[in-house]
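If you check TrEMBL, you get these features:
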type: TRANSMEM; residues: 30-54; note: transmembrane segment
type: DOMAIN; residues: 92-304; note: domain 'ABC transmembrane type-1'
type: TRANSMEM; residues: 97-117; note: transmembrane segment
type: TRANSMEM; residues: 129-150; note: transmembrane segment
type: TRANSMEM; residues: 177-200; note: transmembrane segment
type: TRANSMEM; residues: 232-252; note: transmembrane segment
type: TRANSMEM; residues: 288-308; note: transmembrane segment
Amino acid sequence: MAVQADAGAIRRRRTRASTEVRGYGRATPYLFLAPYLTLFLLFVVGPAIFGFWMSLHDWDFQLPGKPFVGLQNYKDLFDPLSATAEPFWHGMRATGIFTVASVPFLVALPLALAVLLNRKFPGRTFFRAVYFAPFVLGVAVIGLMFRYILDTSFGLLNAFLGLFGAPDIGWTNDQPYAFIALVAVTVWWTAGFNAIIFLAGLQDIPAEQYEAAELDGANSWQQFRNVTLPGLRPVTVFIVTITVLASANMFGQSVLITQGGPGDTTATALMVITDTGFSQFRMGQATAMSYLLALCLAIISVLNFVLLRERKS
């Protein structure tokens, strides 16, 4: 009887221990996520809620009171007579021009680079690193470097073109050259990142599909159109989405290279928001602008993911 009692006690202890282990196992994912969730709540969710609260007030750092105005700051953005509508939509226009002009290059050029870098040739690893290298530079480095390269009077680019008798071009002072300069700099700076993502997508396409297409008599262009592009469809939609978001949030290049000029033609929405909030101290209006911009970007992102889902089906 004593032996049976001991065996029963051992089984109970084992059952209790296994239950505790399962309990710890269920809690393990949450323990790993806890640091990230804490930081996410503190630095993303919290500021987002507080920012929306600010947008409902006439929030001026220079004044002691912060009167509640409800949705008035949002209504002012659609009122042509308000002081915030014209600068904001002018900035949105500049943002739209830059986005529409840069995104095609930031998708097509990296795709072409990825296809070339996916082939086997001597020095392939070196060229992959070379094309990706500009992306590791900070926007301050890129902005200051190209500010001197593109300067109208003593810039290196105009000095080089002058060797062939070309007149000085106002890359930062005249339109459309200012937008051309911003797009070219951004493409040079960030194309390598998109190329690496495309390259990873190319390596996930089974080689058997190319072999089958070749047996069917498909040439290189037909293989690219019927095998490569369909295989890269999810990657392409992802790249288009993040590229549109990044282009719509362009700030540093315009501040450092063109300084929003000529006039304010290259002053993007983020520049207008920054000036409204930190120079004019009208944080309520600035946060309302920010949320309207975020809403536009969210709609674009949802449309891209819906497009991806429909093409998958």
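Note that Cβ sites are derived from N, Cα and C of the backbone, with glycine treated the same way.
Beyond the transmembrane segment (30-54), the same-chain residues lying 6 or more positions past its ends with a Cβ under 8 Å from any Cβ of the stretch are 283-284, 287, 290-291. For the transmembrane segment (129-150), the residues of the chain that approach it from at least six positions outside its boundaries are 113, 117, 156-157, 171-172, 181, 185, 188-193, 195-196, 251-253, 255-257, judged by C-beta separation under 8 angstroms. Away from its own ends, the transmembrane segment (232-252) comes close to residues 95, 98-99, 102-103, 106-107, 110-111, 139-140, 142-143, 182, 186, 190, 194, 197-198, 200-202, 205, 268-271, 274, 293, 296-297, 300-301, 304-305, 307-308, 311-312 of its chain (Cβ-Cβ under 8 Å, at least six residues beyond either end).
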